[in-house]
């Protein structure tokens, strides 16, 4: 560079000193190289420390691995023999019939595994999971995590595992419930599931009860009762002999005793005849005559009612000896013809109209008794101005029929339908 300047400009100058240049430019270079060398040394030191740590951990792991292979129980105070001995000394009653508490931890298509704190898991087969027939334990509400009380019913001879049951406990509860219901003399519902030459079998509280044909109030064939619910009462409850005998006749007698003239009941149309419809009211058939369907003339019953229809009817009469019940929807009509035009209104007003009917009946009976007393003073009773039926003399207790709540006849006249002359 200096040579070029001398040639073109004729200047004479000494060449640049490479020493000065190196001194000027090498100083910063030395300053920048020093930190790099420090970082390099530090990284090497760190890498060496990590390597030593890895090697140390590797040695520890290899020693532990060799110790597990050669002497796995070295330094352990509780040996495998001690563990088996503790299991043998564990006080666990595994006798058949023992009740145990356990937790379901796994289920499959055939049942459920249950932890009952025994040597091995116990098993609950699907057939023992419920008193009813089910295909999977989930149908009985059995899922992992469920804690329940079970009863031991058997032992698996192949692996010494225990077989559990919930159905046995449920049967015990069902028998206890049946004994309680028998003591209370209540009416229960039973669904007919099968029949034999002597009677039908009905399911009550999960148990199969037998109903002899002589204890069935209706003359229906067994096939007609299949899958139907019928009212029943308990005749015999014997758990030891597994005998459960029921009666439909006794239940129907109680139901019939509760049927009063003017009562409103809910029924189902069973069949239609030219002269009327047969209505099932709690297991007993009643006749709704064509003349008692509506105040308006009904030419064809099928235009008003169909088998299977549910409706409200009023009891007109009840012949207990002959087992006949007469029904009416005509008495429940707010206005004549509502049963044909608006049956929904009839059912909504049924209780109100029935109450009005009963009041008219009570008023008529009271008037008849009052007339009888006027012509028979020797009875010793009289009807006071307040409507109290009682003795003539004050020496006797003034007890009798209180008719003060009966409304005046004039108030009810406009509520009586035009065709009620037969009342």
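Even glycines carry a Cβ here, placed using N, Cα and C.
Values in this document were obtained by computation on a predicted structure and should not be read as measured data.
Residues or ranges marked as domain 'S1 motif' in TrEMBL: 97-167, 185-249, 262-330.
Summarised by DSSP class, the composition of the domain 'S1 motif' (185-249) is 9 helix, 35 strand, 21 coil.
Remark: secondary structure over the domain 'S1 motif' (262-330) totals 7 helix, 35 strand, 27 coil, with classes taken from DSSP. Across the domain 'S1 motif' (97-167), the DSSP tally of helix, strand and coil residues reads 8 helix, 31 strand, 32 coil.
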